[in-house]
């Protein structure tokens, strides 16, 4: 009986509060909690708050069992608002999965699940740890063996000898955050000591440490090959989260770790390598980061590598969700929700907190019992999400209170008129229309639409009158009335015409219309269905007032397209369109892609871009490799065929470096010039090949105690042609037949030292021993050619003679030149270099083949003492007679000259001038001699340098690209500071005038040449003074 009365009260409340009441909507839901016994509060608080009208009541469930908060008193549980408080929690009684249940008369919803777990970190065992004995140069592993814990996410550190002295990981030492183990790639004598593993759990704020592990090192320095001992496993990461992969190797020398993404030339953009290569961090991982990853450990003895896969999956995320819905009783209804995720989420439903099916919910005939709160749940391994909505089934008589028929209606003559009739009613009512007292029926011109609206086609003045909509269902009926007036139709009288213009010109598009004089008209212009915003695009578009005419100023290629004029009144609108063709530079090609990859060539394919009214004459392919200096360092590529005509859509790019990362772009050329380059292709890497370049400048000398030092200039990286690049050094005494070989795996190595006591000069050697040396390259594909054999010498003693006739003179305030007569080589094979060996002196080494050098970074107005000595592998010879030099020049000024630029009216010449720098005869600055001018393309390091005594210069204005112009003074004391300006090829005289209009007090002087004498020489100039918009001849 009480249940029946409660249900009756609920129904009465629903009917009386239909407009304002609604079901529960969660504003705060419980979260996962890790509780520790050491917590000072000795309680757990789980929050829950829902918004609803009327206010909801709350209940809680633990492991799907309802907690009896009202019926039975409980010393542990209490309810504060919607929040659940657990006092003096116990693991056996209170650990589990909790949900909050919120309910009112409209329905019931449950919150997402929240887990309560008890955190702990056990102590390390009390047993003493065994010592670890290792030889110097060998690798060592100290095992942490961490204790049991929850949560499992902890941080590991190692204590060295005493607390709190923590070990700092570096290239040799690594602490795995997966196992806690300490790895030392090569043990040194300083590593001996006692080590303790420290484990810290940040969520419970507790740390423990193990017993000390003694590390004992013994003397025996050997080299050991690289051996990977920490190898990351196949890993699954969550989308938009971070993941760290570990890789570490033992070996002597300490191995270098290199990371690669299999099948790609680069690591992901979000990747970061740390801990001297031991850790690869991938931040905010995406699906495209899912791939195989490889770490390679390299030292001079060996290379070791490991591969494993990274999989990226995702928690559920709503793609289509549900919304509050109000439906008529007896109608059909479908509820569905779609969630993305990996693996694909499982969809299930709850109604008022209880299971209600899965997949899609379909109702063929809704009843009042179908009303309630529905929750769609999507879940997979990574998480669970909830979506809540209320379904309300209603029934009511028709009413026009909220949406009556408009009282005054307008329609265009010969146009289509729709009079809306949308009352609130459930179930759907039957509609009847009348005009005055005449009942209307469907015919060829008049029809009653499904939603109740009345449609009139080809309306005339005879259709004016009073219209009434009558709506009726089984609950009642209602009507609403409006008056229809017919106006004159709007018509385009002057339509825009197809037009063709050049880039930079101005064009007018006409548009005029006739319309009913009682109405206002508005003209709207759109380009390719995008409405033109005259406020934001004022630089190019202007609408002529009191008409629909459109003016387009300084037409650019992007303004090409279909322009549509719309003449619109409140009753109707009409449109007219015209095509604008813009002739100019060709558009960039599209879809640039590499279809075939070889070792020194690729097959490049592209799609032709728009020619912009001028036949494309040809295409140019540009490349940018891994070693490009800047982002704009693109270079024209060699192709097959050599010349690419305007019909080309593919070509072979040849003469590429093997095993080199490239990207490509293409631009087209027509009669107006070179067009914009395409978007670069995806980066690719050419196949590897056998190296063909040998090291250069192979040489060397004999040192002390049987040392033979062999030197060479390393091969540039672009000539590696493959991975695992290195050198093979071959050498032998001049009088022997067999060569000695040594393999060097480091491609950046430039010298090798071989020690052999038998190499010392023997008693039967006159002064030196001769050695033949040569060096070749190799990679994973094979061996390259040897360099030419070179003779080097092992000397008996240091040079006994000193250089003579040393002479020096200053050339600026910071530089001086030094000459000398070299030591005579009387068959001793001296590897001569020249320097000053005095303590604190600046030292410069010069090859024995040279007898002069330049001293730099000297101080102005200073006194110097210079000595020259011969040098070989055995040491330094006696000094030459010292000479003195005085740097009498003052330093160059510290201020660069002020500079201005003008561009000719035609835009074809650039004029630059600058102020002469005034010279202070009594100051501390050197005298000016002339000026240096460099004009180069932006992004390039070098360019042509012009020297002039004038303070102005001119250049042909580049039509494509950005350029930089630098001016600096040359003084007795050297070069002065640089003044730089950047020049865009699109800047012209009209732009300068437009800039002047924004500054009414600015006086701009523009000089035009009338008599040209030379490219870098004075002009006779005619100058204009421009103030605001007035131009006056000077």
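For all residues, glycine too, the Cβ spot is worked out from N, Cα and C.
Per TrEMBL, the feature domain 'Ig-like' maps to 24-117, 125-214, 226-299, 316-392, 398-485, 490-581. Per TrEMBL, domain 'Fibronectin type-III' is recorded for 588-689, 694-797, 802-894.
Between the domain 'Ig-like' (316-392) and the domain 'Ig-like' (24-117) there are 3 or more Cβ pairs closer than 8 Å, counting only residues 6 or more apart in sequence, so the two stretches are in contact.
Residues in the domain 'Ig-like' (24-117) partition by DSSP class (helix H, G, I; strand E, B; coil) as 4 helix, 51 strand, 39 coil. With DSSP classes pooled into helix, strand and coil, the tally for the domain 'Ig-like' (125-214) is 3 helix, 37 strand, 50 coil. As a summary of secondary structure, the domain 'Fibronectin type-III' (694-797) carries 6 helix, 55 strand, 43 coil according to DSSP. For the domain 'Fibronectin type-III' (588-689), the DSSP counts in helix, strand and coil order read 0 helix, 48 strand, 54 coil.
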